[in-house]
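K.L.:
Annotations for this protein, taken from Swiss-Prot, read as follows:
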type	residues	note
CARBOHYD	N22	N-linked glycosylation site
CARBOHYD	N44	N-linked glycosylation site
CARBOHYD	N49	N-linked glycosylation site
CARBOHYD	N57	N-linked glycosylation site
CARBOHYD	N65	N-linked glycosylation site
CARBOHYD	N104	N-linked glycosylation site
CARBOHYD	N108	N-linked glycosylation site
CARBOHYD	N118	N-linked glycosylation site
CARBOHYD	N135	N-linked glycosylation site
CARBOHYD	N144	N-linked glycosylation site
SIGNAL	1-21	signal peptide
Amino acid sequence: MMLRAWRLMVLLAAYCYYVFANCSISTTTAPVEWKSPNRQIPKNITCANYSGTVGGNVTFQGLKNKTEDFLSWLLGSGYKSICSFFPQLPGDSNEQHYRYEVTNLTYNCTYDRLTLLNLTTENSRNYYFRREDANSTFYYSCYNLTVS
């Protein structure tokens, strides 16, 4: 029964995308990387769904990055930066990054993951992982968190 429902969702999403070229149906549970031609979060991006409990933790895994990529974890579609990582310089093994103060958010981040700590219901929202490669091409992955 679940397999039939999943197949129906996939077919519906494909039809919706083919006819309207923009859909908001989520059919995946794993994050997918979306290439952005205009450096903006793609309008048809599909978010991976995550759930957490109040007081718990959740970890988002970033996708496909290299040491020469510029990486950022973002809070919501307003592009509020949580932390950013800069390309490593040749011969320098130190990680170059900035960590930003975000109200009502306790977290740890590395170049490939973001862990939210001591979750509250205020943490329910979309989070984005942005990667800019050496050719200045932007890629995004989306994580939709629901805390209950």
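For all residues, glycine too, the Cβ spot is worked out from N, Cα and C.
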K.L.:
Would you count the other C-beta atoms found within 10 angstroms of the C-beta of N104 (N-linked glycosylation site) for me?
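P.N.:
For N104 (N-linked glycosylation site), the 10 Å Cβ neighbour count is 7.
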K.L.:
Quick check: of the glycosylation sites listed here (N44, N49, N118, N144), which one has the Cα closest to that of N135 (N-linked glycosylation site)?
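P.N.:
Among N44, N49, N118, N144, N44.
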K.L.:
Which one, from the glycosylation sites N108, N118, N135, has the smallest tally of other C-beta atoms lying within 10 Å of its C-beta?
P.N.:
N135
K.L.:
Have a look around N49 (N-linked glycosylation site) and count the other CB atoms within 10 A of its CB, chains all included.
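P.N.:
If we count other Cβ atoms within 10 Å of N49 (N-linked glycosylation site), we arrive at 15.
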K.L.:
Relative to the Cβ position of N44 (N-linked glycosylation site), how many further Cβ atoms are located within 10 Å?
P.N.:
13
K.L.:
When the Cα of N108 (N-linked glycosylation site) is compared with the Cα of each of the glycosylation sites N44, N118, N144, which one is closest?
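P.N.:
Comparing Cα positions, the candidate nearest N108 (N-linked glycosylation site) turns out to be N118.
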K.L.:
N57 (N-linked glycosylation site): which of the glycosylation sites N44, N49, N118, N144 have a C-alpha within 10 angstroms of it?
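P.N.:
N118, listed in sequence order.
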K.L.:
What is the separation, in Å, between the Cα atoms of N144 (N-linked glycosylation site) and N49 (N-linked glycosylation site)?
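P.N.:
A Cα-Cα distance of 5 Å.
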K.L.:
Can you tell me the CA-to-CA distance separating N49 (N-linked glycosylation site) and N118 (N-linked glycosylation site), as a whole number of Å?
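P.N.:
About 19 Å separates the two Cα atoms.
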K.L.:
If you count Cβ atoms within 10 Å of the Cβ of N144 (N-linked glycosylation site), leaving out that atom itself, what do you get?
P.N.:
16
